[in-house]
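Novice: Take this structure first; my questions come after.
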Amino acid sequence: MNMEYTLSILKPDVIKRNIIGKVNTYIENSGLKIIAQKTLLLTKVQAENFYIIHKDRAYYQSLVQNMTSGPVVVQVLYGLNAVKKYREIIGATNPCDAKKGTIRGDIAKSIDENTVHGSDSLENADIEIKFFFALIEYAYL
């Protein structure tokens, strides 16, 4: 039984469409707990640094532009196998490929406005959470 933390980011399209609660319902219905949450407006430098691993990809500048186009909601999720579970409920990166019943399959508009970011590994979850949160903001026993 692996109790884990993972990072979730609700992207600007979620806030613009006023569907934060709808996305949170998917998270809560999966059994994951939202133990920390805050709304931020990322600067270009912050977005570039957060997504630095994608720097050489063709979509990098578009991703940075999207992530700085409005507020985001960053969350720390906690639960059994949280990284894997959240990746499953998110669905495929391209909403066209995402299964129904997943966040992206049900509510994402496009690959650019694909609703959420979720950590892809336990190691990246640790790095990504620390990018946005101090330990005191999310320590959960």
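Cβ coordinates are placed from backbone N, Cα and C, and glycine is handled just like the others.
The following feature annotations were taken from Swiss-Prot:
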type     : residues                                   : note
ACT_SITE : HIS117                                     : active site, pros-phosphohistidine intermediate
BINDING  : LYS11, TYR59, ARG87, THR93, ARG104, ASN114 : ATP binding site
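Structural setting of the listed features?
Specialist: In the three-state DSSP scheme, HIS117 (active site, pros-phosphohistidine intermediate) is classed as strand. A 10 Å cutoff on Cβ-Cβ distances gives HIS117 (active site, pros-phosphohistidine intermediate) a total of 20 other Cβ atoms nearby, all chains included.
Around the Cβ of TYR59 (ATP binding site), a 10 Å sphere holds 12 further Cβ atoms from the protein chains shown.
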Novice: Which of the listed binding-site residues (THR93, ASN114) has the least company, meaning the fewest other Cβ atoms within 10 Å of its Cβ?
Specialist: THR93
Novice: Using only the Cα atoms of LYS11, TYR59, ARG87, THR93, ARG104, ASN114, which the record gives as binding ATP, return the largest interatomic distance in Å, rounded to a whole number.
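Specialist: Overall maximum Cα spacing for these binding residues reaches 21 Å.
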